[in-house]
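Below is one structure; the comments refer to it alone.
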Amino acid sequence: MEKQPGSGSARSAASFAESWARIRGRLRDEVGEVEYRTWLRQMTLASVEGDEAIVHLPTRFLRDWVRSHYGDRLSLLWQQENAGVRRVDVRVGPQPRGGADGVDVEVAPERSGLAEALSGRAPRNAAGESRGEWSAPLDPRFTFDTFVVGKPNEFAHACARRVAEHPASPGFNPLFLYGGVGLGKTHLMHAVAWAIRNGEPARNVAYMSAEKFMYRFIAALRSQSTMEFKESLRSVDVLMVDDLQFLIGKDNTQEEFFHTFNALIDAGKQIIVSADKSPSDLNGLEDRLRTRLGCGMVADIHATTYELRLSILQAKATAAGVAVPKAVLEFLAHKITSNVRELEGALNRLIAHANLFGRAVTLDSAQEVLHDILRAHDRRVTIEEIQRKVAEHYNIRLTDMSSARRARNVARPRQVAMYLAKQLTSRSLPEIGRRFGNRDHTTVMHAVSRISELMQADAAFAEDVELLRRMLET
Ligand SMILES: Nc1ncnc2c1ncn2[C@@H]1O[C@H](COP(=O)(O)OP(=O)(O)OP(=O)(O)O)[C@@H](O)[C@H]1O
């Protein structure tokens, strides 16, 4: 049952509000006033739901920054304040009237804490201290070394490498990276920026979100400093603009971006742009801009495959120095298929949980700690899926699920699949029998009791079947 601060049980709402005020105070003490005002001041507590506190920020840019830089700290502070709250979810959400900290959130960007975030003046302690006036801070974790390459992203990765080694070379300017949410576009852009900065520190590399570009432009209009805005932008050697789809419907900002774009390309500077769609599919962007965006190199990052997800999990677990059993990583790679951000979030949560309670990560603990994420990815399992997964697991042909072959290496997996069909679906024994090559219901019954017996007698076999069950489970 959701408990809203200010509604529901007055006592718990009041105590959450007090906890929240103390957490904010502690964060302010820890990070200092400048950093606090830049990144954290606009956080508001939206609700506490079960063991999760939901915190709102007004933009994706701030949300992503706070998630990646303060997410763990926020969770820990909440746990210390209130043991019932074990997680913090930072989201983009509306700000209450009066705003966070009692400030008016309608305040213009240049007067709010956001102004610093948007101005490119990186906070003192922020990682990836910016040098150019224009750049947002780079995330120190987003380098080529930490980017795991697989089929879905190898082309985009190769293009990014190429641009990092030879900026502004013909055919690669602009570089347009596109793909779904959380698949590594920002990571690749930051990796290019780090590589260029490290190789040639004198180069002026500017990275910003399209959202920030717009705020800077509006601020310049308000303060009648558009000339300055244009000049300083055009002095960069490499310009990276993330999430360009944000400019859809923002005609004036698009116009400004178009001119900046042309001026930089004409001057032989490199441009890298990311978006969630290809240039031709970005409806709502001006045609001439779409045409220009598509005339360099366009690279797509595809949805992840099981193999890539597993490699990413392995790399991240190794980097975190935490022993996560292979079966758990395989389980996560099977279950969390949406994007890398969610996958990473799930692993981080498991690791944080293990550290906090000093317990090893196991399949059981993974199921328990991630139940909400797993539930969201659950769907009804079908007999066909069970057959497919079991055949894959035991390396037999799918057709053998319904064939008459009785060799042990085929018959046993078939029995496992029947057992799982009984466990995971609501199909009757005769129905299951029919789906396994028209077998009799007594055959299914025999399979179910045989597999149960074997599981009792053989722990390794039981674990194997359990793993399959978890992978398939609804
Ligand atoms: N191939 C990869 N190897 C390692 N980490 C990855 C990979 N792809 C994505 N990630 C990680 O997943 C998270 C999300 O990636 P990123 O922020 O780059 O996604 P995005 O495509 O820019 O998403 P959005 O569309 O939301 O801006 C990051 O923490 C990033 O490090």
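Backbone N, Cα and C atoms are what each Cβ position is placed from, and that goes for glycine too.
The region 'Domain I, interacts with DnaA modulators' annotation in TrEMBL covers 1-96.
Helix, strand and coil residue tallies for the domain 'AAA+ ATPase' (171-302), in that order: 67 helix, 28 strand, 37 coil [DSSP]. Residues annotated as domain 'AAA+ ATPase' in TrEMBL: 171-302.
Over all protein chains present, the Cβ of Lys185 (ATP binding site) has 25 other Cβ atoms lying within 10 Å. The ATP binding site annotation in TrEMBL covers Gly182, Gly184, Lys185, Thr186.
Taken from TrEMBL, the feature region 'Domain IV, binds dsDNA' covers 355-474. Taken as a whole, the region 'Domain IV, binds dsDNA' (355-474) shows an average pLDDT of 89 in this prediction.
Feature annotation from TrEMBL assigns domain 'Chromosomal replication initiator DnaA C-terminal' to 382-451.
The C-beta environment of Gly184 (ATP binding site), restricted to residues of the same chain at least 6 apart in sequence and closer than 8 Å, consists of Phe147, Asn153, Ala156, Ile301, Val340.
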